[in-house]
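Novice: Before we start, here is the structure in question, set down as structure tokens.
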Amino acid sequence: MLEYETSGELKTKCIDLLNLSPSTDVNALVEEIQKAEPVITASRSDQVKFLLRRLQDKLRQHSNHQFYLFKVLRAHILPLTNVALNKSGSCFITGSYDRTCKLWDTASGEELHTLEGHRNVVYAIAFNNPYGDKIATASFDKTCKLWSVDTGKCYHTFRGHTAEIVCLSFNPQSTLVATGSMDTTAKLWDIQNGEEVLTLTGHSAEIISLSFNTSGDRIITGSFDHTVAVWEAETGRKVYTLVGHCAEISSASFNWDCSLILTGSMDKTCMLWDAANGKYVATLTGHDDEILDSCFDYTGKLIATASADGTARVFSAATRKCIARLEGHEGEISKISFNPQGNRLLTGSADKTARIWDAQTGQCLQVLEGHTDEIFSCAFNYKGNIIITGSKDNTCRIWR
């Protein structure tokens, strides 16, 4: 983000650095930027080069990091459903079948708060990143609750769904929470006053995946009715429906610049769609069983898929070709995610292990062993140097 002054007025301008890598020639890149951005004068070019080299150092960090087990937390008296980190990685949350959500300090492994009040399984949990001062929990008790990270107090209980809530998401501005339910609807809730803002109706089966785009003006919902819908966040108007999968949807997301949509399905395929008009782009094939999770890397150049066949794959978003196969797990892979640098992948499996992989080659770099039952959830922190794993064995583990 550039800040500059024109006739006394402060202005800002965005520069796209999604192609920056540790091997990029910084001098050549700055010349290119200067051609497109006259506000970067020759006197400022050294400053820009310095900033770009610092960004490159960040991209190099943690690329060869070997993780070790830091703490085992006997987190809950029943299995965990989900784990989530705040943006800085200073704390994380765990949801459980024991009807609670717990907030933990990552550095010490100490429990900070137990969020109690739900009357059934706490299934979906999230921080309002990047702010990280609020937590949302969604439950099989048909409610969603909003909590203070500082005090552990409940601000609001959102009531209105008529069946279990299984997914939730904050908008990027942290003014709304969206919830998706087995009652076939999604609802938007106002964080300030706790009121329902909108109900998104149109699916004919449960909504199991839901997220906002980067700017927060669109919402994507994936359903067991085999379709994905995109909605206007402000009006609740359905923009388009993506029809093409022939089984339940397991995941649906926008890439970072909101040009593409990725959908994963129990029909063993992922599909790519043009986010501007909802038109079908391509089908990613190769798995022998259901797709359980899928994601873009942070630049939107790579796509990762995880399957019940025990393998994961990496595809190029541009060519739609498979560039790596991740083989080694001995059970289905239910979770997959890139580290923020985009060069590593983390998978969690029913074989009780999580694994770290080279995203370009598909080579397994490390096996995180020790859980005594299925791993349901796993996540990198924003720096990519801490991993949290959550398991059916009632524990979560911090790796660093």
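Any Cβ shown, glycine's included, is placed from N, Cα and C.
Straight from TrEMBL, here's the annotation block:
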type: REPEAT; residues: 73-114; note: repeat 'WD'
type: REPEAT; residues: 115-157; note: repeat 'WD'
type: REPEAT; residues: 158-199; note: repeat 'WD'
type: REPEAT; residues: 200-241; note: repeat 'WD'
type: REPEAT; residues: 242-283; note: repeat 'WD'
type: REPEAT; residues: 284-325; note: repeat 'WD'
type: REPEAT; residues: 326-367; note: repeat 'WD'
type: REPEAT; residues: 368-400; note: repeat 'WD'
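Help me picture these features in the structure, burial and contacts included.
Specialist: Beyond the repeat 'WD' (73-114), the same-chain residues lying 6 or more positions past its ends with a Cβ under 8 Å from any Cβ of the stretch are 120-127, 129-130, 132, 135, 137, 139, 147, 149, 151-152, 373, 376-383, 386, 388-398.
The helix, strand and coil residue counts that DSSP assigns across the repeat 'WD' (115-157) are 0 helix, 22 strand, 21 coil.
Through the fold, the repeat 'WD' (158-199) approaches residues 120, 123-129, 131, 134, 136, 138-146, 205-212, 214-216, 219, 221, 223, 225, 231, 233, 235-236 of its own chain, all at least 6 residues removed from its boundaries and within a Cβ separation under 8 Å.
Packing against the repeat 'WD' (200-241) from elsewhere in the chain are residues 163, 166-173, 176, 178-188, 247-254, 256-258, 261, 263, 265, 273, 275, 277-278: each is 6 or more residues past its ends and has a CB under 8 Å from a CB in it.
This prediction places the mean pLDDT of the repeat 'WD' (242-283) at 98.
Within the chain carrying the repeat 'WD' (284-325), a Cβ under 8 angstroms from the stretch's Cβ atoms is held by residues 18-19, 247, 250-251, 253, 255-257, 259-260, 262-272, 331-338, 340, 342, 345, 347, 349, 351, 357-362, all 6 or more beyond its ends.
Across the repeat 'WD' (326-367), the DSSP tally of helix, strand and coil residues reads 0 helix, 22 strand, 20 coil.
For the repeat 'WD' (368-400), DSSP puts the residue distribution at 0 helix, 16 strand, 17 coil.
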Novice: So which residues does the repeat 'WD' (326-367) touch in its own chain, when a touch means Cβ under 8 Å and the partner is 6 or more beyond its ends?
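Specialist: Distant contacts of the repeat 'WD' (326-367): 58-59, 61-63, 66-67, 289, 292-299, 301-302, 304-314, 373-380, 382-384, 387, 389, 391, 393.
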Novice: With DSSP as the reference, give the number of residues of the repeat 'WD' (158-199) in helix, strand and coil.
Specialist: 0 helix, 22 strand, 20 coil
Novice: Could you pull out which residues elsewhere in the chain have a CB under 8 Å from any CB of the repeat 'WD' (368-400), counting only those six or more residues past its ends?
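Specialist: Same-chain contacts beyond the ends: 61-62, 65, 67-85, 87-89, 92, 94, 96, 104, 106, 109, 331, 334-335, 337-341, 344, 346-350, 352-356.
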